[in-house]
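Visitor: Features from TrEMBL:
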DOMAIN    A:70-110  domain 'NADH-Ubiquinone oxidoreductase (complex I) chain 5 N-terminal'
DOMAIN    A:128-417  domain 'NADH:quinone oxidoreductase/Mrp antiporter transmembrane'
TRANSMEM  A:6-23  transmembrane segment
TRANSMEM  A:30-50  transmembrane segment
TRANSMEM  A:70-97  transmembrane segment
TRANSMEM  A:109-126  transmembrane segment
TRANSMEM  A:163-183  transmembrane segment
TRANSMEM  A:203-228  transmembrane segment
TRANSMEM  A:240-264  transmembrane segment
TRANSMEM  A:270-290  transmembrane segment
TRANSMEM  A:310-330  transmembrane segment
TRANSMEM  A:393-422  transmembrane segment
TRANSMEM  A:443-466  transmembrane segment
Amino acid sequence: MNIIPLFVAVPLGAAFILVLMGKREIASDVIVNLATLCLAILSLVLIPFLKNNNGVFVYAMGMWFPPKGINLVLDGLSLFMLIVVNTVAFFISLYSIGYMKRFTAKSRFYSLFMLMLAGMNGVVLTGDFFNLFVFLEIASIASYALVAFGVEAEELEAAFKYMVMSSIASVLILFSVGLLYGLTGSLNMADVAGIIQGENNLLLSFSLILFLVGFGLKAAIIPFHAWLPDAHPSAPAPISAMLSGVLIKALGVYTIIRIFFNVYGMTTQLSWTLMILGVISMISGGLLAIRQEDFKRLLAYSSISQIGYILVGLGCGNYWGLIGALFHLLNHATFKSLLFLNSGAVEYSTGTRKLEEMGGLSKVMPVTGATSTIGSLSISGIPPFNGFWSKLFIIFGLVQAGHFIITALTVLVSVLTLAYYLKVQRFAFFGRLREKWAQIKEVPKVMCVSMIVLAIICIGTGILFYPLMKTILEPAVAVLQEGTKYSILILGG
Amino acid sequence: MNPLKEPQRGMTVIVKTIAKFVVPPIILFGIYIVLHGHLTPGGGFAGGVIVGSAFILLTLAFGKEVAFQKLKRSTASVLESVGALIFLSLALLGIAAGGWFFLNFLPKGHPLRILSAGFIPLANIGIGIKVGAGIFAVFLTLIVFRVSAKK
């Protein structure tokens with residue numbers, strides 16, 4: 001099935017063609033949107049394909065079969081991530097047509113964007129540790145450049161900080177891959193999982209900790225979060241949406257899930273580690289967000305808090321916890337990218353990110369105002385929006401596992417989330433319109449379309465959560481639940 | 001005008017003369033490394049770096065104007081993309097020819113001959129172009145562009 005390598009090949013090819021496009025803006029708009037649309041459709045086409053293949057498909061690159069060659073693995077979890085990444089990427093590229101007009105060198109921007117997408121699709125698909133590292137670096141290096149895309153002092157500083165911290169993460173990950181290679185003599189994830197099963201070795205635990213810190217840095221879990229509140233607000237809005245909505249999940253959360261659940265196998269200590277890190281991120285992210293004056297910075301802290309939810313659900317480890325975590329991952333990708341696009345629209349029209357300077361903007365920007373209200377209600381977990389269901393599932397899982405204190409904290413943080421999003425709504429979109437904003441207009445139509453469709457997805461996944469659960473979430477949860485049986489599935493099939 | 005006779009540009013006459021003699025052999029050696037990538041140590045990346053370093057030497061010795069006459073910055077960045085596209089299209093041709101991404105679809109030939117190992121020499125050439133042009137473009141970017149510091 002040759003669709004699978006296309007998820008890497010198409011964005012990579014598009015990236016290099018776009019560099020050749022130079023100043024031809026319309027042509028590069030068309031190329032990018034065609035490429036991302038193709039990928040989004042292809043990822044949906046793979047749903048029935050995977051069902052016919054009993055939930056797992058191994059693609060050997062160049063006919064070198066695992067464990068010797070590099071393989072791409074498509075299973076429920078990879079497919080779920082592919083759908084999230086490529087759908088969000090399509091709406092963001094649509095939004096970029098309007099938003100990136102103000103920047104010079106649009107085709108360079110698109111080229112880096114496509115490289116980042118290629119890296120993320122690769123990370124999600126690969127079944128090989130070193131290949132994972134390579135794709136991780138492609139996506140990260142493209143994102144450093146994208147954060148610095150505005151080349152003002154603030155952006156360069158944020159990009160440099162991000163680069164330093166993320167490079168440390170990459171070094172730790174590479175070191176850990178090296179350790180694993182030394183211990184097992186293999187780089188194939190499934191093969192490594194088979195070899196280390198049941199072994200209890202100090203170096204093995206050390207490599208696990210290195211992975212936790214490395215991917216924790218990429219996922220911006222507190223205490224590894226320091227780069228995120230600078231990097232995400234400084235990037236151009238579509239990139240903020242991409243970073244917060246997708247990148248930290250594909251590079252951080254997905255890899256943690258894959259390596260902890262399928263390679264090492266979850267243990268009680270590991271689930272407690274995830275759960276405690278999750279609770280810390282959830283609470284401190286929320287508390288830090290409530291104090292922010294900058295729209296995008298508030299959203300960035302809120303991302304940390306929501307990643308905490310996902311980790312709590314993963315650490316909880318039963319069916320409801322896992323399905324809640326993955327559903328929250330999907331939902332966070334949609335509403336957080338929507339909110340970042342809203343913040344970009346506000347910045348596009350008013351030129352400011354300070355919440356106190358705004359006010360009453362929904363009178364002059366009705367689409368942005370309405371979609372941001374939907375996004376805010378979704379992220380705060382108001383029924384029937386999608387955030388409500390995922391948080392509810394996580395709470396089910398926690399109650400079922402008997403973690404009542406964490407359940408109470410989860411509910412409290414949800415209230416906190418509502419509080420700071422009400423602050424956003426109150427300061428930016430409701431209230432009295434200032435005189436200096438009376439003349440501004442709504443953003444261009446393409447940007448509106450992208451925001452409206454994302455808002456519809458927020459409502460749609462909330463109402464149609466049951467079919468969604470059956471088609472894409474349950475296969476993904478099944479991958480997590482089968483744990484280290486992953487090894488036999490990949491190498492046997 | 002002969003760049004050797006322009007003392008105000010670039011380095012001294014000694015450096016310029018030596019550079020004039022060693023640049024062609026360096027490029028030739030780089031091409032040799034690229035073409036023998038499947039037989040001897042080295043390959044597309046190493047050979048590409050060597051070719052790129054010859055252009056860097058040219059820039060250092062004669063100043064950037066002379067180097068730009070040989071290889072423009074825009075040409076370098078076009079070549080870089082072309083190299084990458086060559087590599088990617090070889091990988092995609094694998095799908096067309098045999099049904100697997102990155103399949104080595106060309107005949108393998110005899111070991112240790114220059115025409116052997118299927119598409120590996122072609123892939124090496126693609127990488128060589130990309131890396132050589134890329135190294136030169138990175139170097140130029142570092143020396144040409146300056147961001148004026150805000151006071």
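Just so you know, glycine gets a Cβ as well, placed from its N, Cα and C.
Automatic, uncurated: that is what TrEMBL annotation is.
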Visitor: What residues in the same chain, six or more past the boundaries of the transmembrane segment (A:443-466), come closer than 8 Å to it by Cβ-Cβ distance?
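Guide: Sequence-remote neighbours of the transmembrane segment (A:443-466) are 87, 91-92, 94-95, 97-99, 327, 330-331, 334-335, 337-338, 341-342, 344-345, 348-349, 365, 367-368, 370-371, 374-375, 378, 383-389.
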Visitor: Within the domain 'NADH-Ubiquinone oxidoreductase (complex I) chain 5 N-terminal' (A:70-110) only, compute the mean pLDDT.
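Guide: Mean model confidence (pLDDT) across the domain 'NADH-Ubiquinone oxidoreductase (complex I) chain 5 N-terminal' (A:70-110) is 89.
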Visitor: Would you list the DSSP helix, strand and coil counts for the residues of the domain 'NADH-Ubiquinone oxidoreductase (complex I) chain 5 N-terminal' (A:70-110)?
Guide: 32 helix, 5 strand, 4 coil
Visitor: Any residues 6+ beyond the ends of the transmembrane segment (A:6-23) with a Cβ under 8 Å from its own?
Guide: 31-32, 35-36, 38-39, 42-43, 82, 86, 107-108, 110-112, 114-115, 117-118, 121-122, 125, 135
Visitor: Among A:30-50, A:109-126, A:203-228, A:240-264, which stretch has the most Cβ pairs under 8 Å to the transmembrane segment (A:70-97)?
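Guide: Maximum Cβ contact count belongs to A:30-50.
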Visitor: Answer with yes or no whether the transmembrane segment (A:109-126) touches the transmembrane segment (A:240-264) by the criterion of at least three Cβ pairs under 8 A, sequence separation 6 or more.
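Guide: In this chain the transmembrane segment (A:240-264) contacts the transmembrane segment (A:109-126) - 3 or more Cβ pairs sit under 8 Å.
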Visitor: Among A:109-126, A:203-228, A:393-422, which stretch has the highest count of C-beta pairs below 8 Å with the transmembrane segment (A:30-50)?
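Guide: Stretch with the highest Cβ contact count: A:109-126.
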